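Notes follow once the structure below has been shown.
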Amino acid sequence: MTKEKELHCSFCGKEQKEVDKLIAGTSGYICNECIELCHDMLANADDIEEIDEEFQEEEPKLPTPHEIRAHLDDYVIGQDYAKKVLAVAVYNHYKRLRSEKNTSEVELGKSNILLIGPTGSGKTLLAQTLARMLNVPFAMADATTLTEAGYVGEDVENVLQKLLQNCDYDIEKAQQGIIYIDEIDKITRKSENPSITRDVSGEGVQQALLKLVEGTVASIPPQGGRKHPQQEMLRVDTSKILFICGGAFAGLDKIIEKRTNTSGKGIGFGADVRIDEEKVSLTELFKQVEPDDLMKFGLIPEFIGRLPVIAPLSELDEEALVKILTEPKNALTKQYQVLFSLENIELEFTQEALIAMAKKALARKTGARGLRSIVETLLLDTMYDLPSIENLQKVIVEEETVTENKVPVLKFNS
């Protein structure tokens, strides 16, 4: 047998006589048929990559301001002006992110948002609803727990850590996210004049937040670890993250009144003031807020400059609280009705009971936030006994249940 007859393709095993060509390599042979097959496979792979790239380029349609506002209406009662401001700001923010993929000589700046409104007016809910609608990661932090790096308390960069955790440490997703910082009015500096002493929980936190809010590349330890020199860090670009800050800003109304020479009666949110001989709500007054007013309140100028969009929220009245109990898609009464239906029991709230609950929340000055506590207290004993009561068909919460702590009316199957 000659050496030529022993030669064969190292891939398909065919002998030299069975193929047109056999090409020698350093440690084997490949036939023309295997070369053609490999060429076809690589060509198909290129086609698949092109299809993948085209598919990735097709982003979901960005909802318009009208669509954003309509979605907020499904979950948040009232606050029409704030919804409009938020809808436009959020639309422009994500439009800016998409425009960065296209070459443009004009660089679009980021517009973070400041929500001003009393406790329980819906600031947090608005931010959460926006993130859920846009399907982007969301993280929330309480400004009062934050301190400068190196001091006892929560480092401001921990906020980014929360955002990363909420998207399984996908940096690209995190950089499209929304961060809500509550109680921002509680980190004001103690006086208008700079102090020689270090204010690590007031002005110091504002300074620490400044870089994150305006945009920086932050180094975050992976999977919630602590920073150390040898560790490989995750780098997050915060210039693409939308920051929404919220606070009650109690007393800001007086600063605006003083500047505008306004005289009014009543104090706090919801009071009426007189401007140009006309009575308007404090919400209208807060629409006139200027950077100087916020500086006098205690925010530093640099921080104010990073929150150019201001959305005032009004205090919720009795009618709004009743609507909050019943109208949103995830209204409180609907949630408890679902809980009771899991036991095959119907739950009903009379209109008088709803009004009484709204009045109780107003008296507590807790806004919508206090409604869950009220409903939970009213139904505690009933929910405790529920699984043990036989033949129960319906539970009715009446006005007396709220005002006189009476047990809800129970109706049984006959």
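Sequential numbering from 1, following the chain as shown.
Cβ from N, Cα, C; glycine included.
Every protein chain considered, the tally of other Cβ atoms within 10 Å of the Cβ of Cys9 (Zn(2+) binding site) stands at 21. The annotation Zn(2+) binding site is assigned in Swiss-Prot to Cys9, Cys12, Cys31, Cys34 on the grounds of sequence analysis.
Per Swiss-Prot, the feature ATP binding site maps to Pro118, Thr119, Gly120, Ser121, Gly122, Lys123, Thr124, Leu125. Look at Gly120 (ATP binding site): DSSP puts it in coil. Residue environment of Gly120 (ATP binding site) contains 23 other Cβ atoms, counted within 10 Å of its Cβ in all protein chains.
Taken from Swiss-Prot, the feature domain 'ClpX-type ZB' covers 1-50. Averaged over the domain 'ClpX-type ZB' (1-50), the predicted model has a pLDDT of 76.
Of the binding-site residues Cys12, Cys31, Cys34, Leu125, Cys31 has the largest number of other Cβ atoms within 10 Å of its own Cβ.
In the three-state DSSP scheme, Cys31 (Zn(2+) binding site) falls into the strand class. Same-chain residues that are not part of Cys9, Cys12, Cys31, Cys34 yet have a Cβ within 8 Å of the Cβ center of the Zn(2+) site turn out to be Ser10, Phe11, Gly13, Lys14, Val19, Leu22, Tyr29, Ile30, Asn32, Glu33, Ile35. Other residues of the same chain near the ATP site, with their Cβ within 8 Å of the Cβ centroid of Pro118, Thr119, Gly120, Ser121, Gly122, Lys123, Thr124, Leu125, are Gly117, Gly246, Leu313, Gly367, Ala368, Arg369.
Checking each of the binding-site residues Pro118, Thr119, Ser121, Lys123, Leu125 against Cys31 (Zn(2+) binding site) by C-alpha distance, the shortest gap belongs to Leu125. Rounded to a whole number, the distance between the Cα atoms of Cys12 (Zn(2+) binding site) and Gly120 (ATP binding site) is 73 Å.
Of all the binding-site residues in the list Cys9, Cys12, Cys34, the shortest Cα-Cα distance to Leu125 (ATP binding site) is found for Cys34.
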